[in-house]
Amino acid sequence: MSRLASELHRLRRSPWEVLCSALVSCGLVLFSQLAVAIVPRLLPSISLLAMLPVAGLVFLAAILVGRFWRRFIGVAASAPLFVLFNVLFLWGVYLFVIRRDTSSLLDMLINAECALLLWGLYRILSGDPGIVAYESSFLEEAGCKDFVDAICSSEKYPSLSRVRHCNCCKANVRGYDHHCPAFGNCIGQKNHRLFMALLTGFVVAESTYTMCSTKYITSCITSGTLRTENHLSLNMVIGTMLFSVLQVIWQVVFLIWHVYGICFNIRTDEWINWKKYPEFQMKEQPQSDFEVKFVNPYDKGMLCNIREFLKPK
């Protein structure tokens with residue numbers, strides 16, 4: 001607990017820094033969402049499918065402009081706050097524009113999904129991913145220059161099995177998968193299941209929002225109110241729908257990868273940096289040099305791997 005407390009103290013910022021970062025994050029969300037909403041305004045004759053790649057490029061350009069602008073103001077946006085304000089922005093567009101054309105059941109569903117996303121963001125941002133504490137005497141006994149060196153030799157120390165070092169947090173996390181900037185925390189053994197639930201929740205909530213916004217646009221077309229509808233509101237609905245579809249596309253790919261990793265008991269960091277960890281290396285000696293091949297010693301079969309994910313030791 002003392003190690004975790006020291007890590008949190010190191011990452012803590014002053015209230016003024018947090019406020020400035022929150023304002024910059026909020027401004028970046030408004031700027032990027034308005035930039036995407038301009039796409040249907042400038043290109044009203046093309047289909048929504050054709051607008052999708054254009055909206056993606058516009059959104060990326062807006063983010064790059066925001067990152068460039070921070071050099072002048074000296075304050076960087078916060079990735080978790082950026083995610084939070086995007087959720088609140090889409091929820092606001094739904095409540096003030098789309099909601100009137102939504103059924104009661106669907107209205108309850110999307111409101112519950114947004115509330116759960118906010119709760120999940122708080123839990124994963126404030127939770128412990130599985131930080132491992134250690135004493136300096138351990139390094140002396142192990143004969144390692146630092147804890148990272150001990151982790152790379154974890155075959156000698158069973159207590160350090162699958163403990164990895166996060167360069168972003170400067171922390172050692174058991175079951176480390178990756179550092180998630182969007183959620184502001186490492187993903188490790190203690191919050192991996194919450195991460196998967198939250199990622200699935202984002203896919204479901206954004207898909208629900210896309211369905212509601214599509215129904216709203218269709219209702220405007222069929223009822224003949226498309227021309228009399230407020231252009232800003234309509235463009236905002238189309239823009240946020242395009243944003244949601246883009247988010248769902250990459251999040252589904254990301255979710256598929258993590259499901260694969262769970263089924264075969266492999267972490268993202270281990271897959272990318274397997275040559276750093278001796279337990280993943282199988283050496284074969286052909287006629288000349290040693291050839292190192294990848295082998296996963298933690299793969300116990302799909303059912304056992306899924307059981308281990310659901311109930312880690």
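For all residues, glycine too, the Cβ spot is worked out from N, Cα and C.
Caution: TrEMBL annotation is automatic and unverified by curators.
It should be emphasised that the depicted structure is a prediction, and the values quoted were computed from it without experimental measurement.
Over in TrEMBL, the protein carries these features:
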- 150-275: domain 'Palmitoyltransferase DHHC' (DOMAIN)
- 47-65: transmembrane segment (TRANSMEM)
- 72-96: transmembrane segment (TRANSMEM)
- 236-260: transmembrane segment (TRANSMEM)
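Per DSSP, the domain 'Palmitoyltransferase DHHC' (150-275) is made up of 80 helix, 14 strand, 32 coil. Tertiary proximity for the transmembrane segment (72-96) is limited to same-chain residues at least six positions away from its ends with a CB under 8 Å from its CB atoms, namely 17, 20-22, 24-26, 28-30, 33, 66, 102, 110-111, 114, 117-118, 121, 125, 181-184, 206, 209, 212-213, 236-237, 240, 243-244. When averaged over the domain 'Palmitoyltransferase DHHC' (150-275), pLDDT in the model lands at 87.
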